[in-house]
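Accompanying notes for the structure given below.
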Amino acid sequence: MLYNMKDLLSVARQHQFGVGAFNIASAEFGRVAVETAERLDSPLILEIHPEEMAFTGPEFIGYLRTLAIQARVPVVIHLDHGRSLEEVMKAIYAGFTSVMIDASSHPFEQNIALTKKIVEIAHTINVSVEAELGTIGVAEGSGEGGSNEILYTDPQQAETFVRETGTDTLAVAIGTSHGLYPKGKQPKLDIERLQQIRKVVDIPLVLHGGSGNKDSEVAESIRYGVGKINISSDMKKAFFVALEQELKLGGHEPNSLFVKPMQAASEVVAAKMALFSSVGKAALYR
């Protein structure tokens, strides 16, 4: 069941649950995410960063579309952190149902102008748009970029930004980072800031850098308007730690080598879906 982001998250918002957006860098991760979502009857967002898209090739998007169309649960195919009009248009032509334009590193007015232009284009063909205001940090092992210094989202700017651009969702900076946090470091989400943003912004909010955060804070963020939670590092780490163990045993055939790593990744996906309260919620879309 192929969905765009606006339609998917409108149901999630109405019923107060979040939806996991899992970064898909290979066919194995695509299968893990879709099969786990079907098993748990959960809606799902498959997202791909431009660097992942360059690695997998444009044909890979066709494969993901097939998975999504044939899935028994609603699935969005989303571009993660498109940095330019060109990257966003490539994704739209490739068949994405949702795109992100991340112009957060630009001055505020330029961010508004570029986001508004992309919204106008995307909405003519029923493609949803995510934008970002503020900057997400970057931690170890992230291929998604970020800033060495987190610039928190200003609630009043968020109100103006959403009104001027018409974006469908807004990624907010409330203390998270992309990648894996160093051992012993635990991020703390600025829930009070999130509450302030929620009071003035009437669209679903997005939490980037969803790996490594306290479960209690993530669950609380959903109560205050976060509808989409990005997960990459936790899932990939589980897969590759298990793969390292399999390689030590001397295996070399993918059909046996990837079984346990895919199971490990699936366990992470399932745990996140339970945390976000999306398990069983696919029934709401039927």
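Glycine residues also receive a Cβ, built from the backbone N, Cα and C atoms like all the rest.
Copied over from TrEMBL:
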- D80: active site, proton donor (ACT_SITE)
- H81, H178, H208: Zn(2+) 1 binding site (BINDING)
- D102, E132: Zn(2+) 2 binding site (BINDING)
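All features noted in TrEMBL, drawn onto the structure.
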residue	record	DSSP (3 states)
D80	active site, proton donor	strand
D102	Zn(2+) 2 binding site	coil
E132	Zn(2+) 2 binding site	strand
H208	Zn(2+) 1 binding site	coil
* Structure fact -> E132 (Zn(2+) 2 binding site) and H208 (Zn(2+) 1 binding site), compared by Cα position, are separated in whole Å by 10
* For the binding-site residues H81, H208, which one has the sparsest Cβ surroundings, going by other Cβ atoms within 10 Å? -> H81
* Structure fact -> Listed in sequence order, the residues of the same chain lying six or more positions from D102 (Zn(2+) 2 binding site) whose CB sits under 8 Å from its CB are H81, G82, R83, A131, E132, A171
* **H208 (Zn(2+) 1 binding site) to the residue listed as 'active site, proton donor' - Cα separation in whole Å** => 10
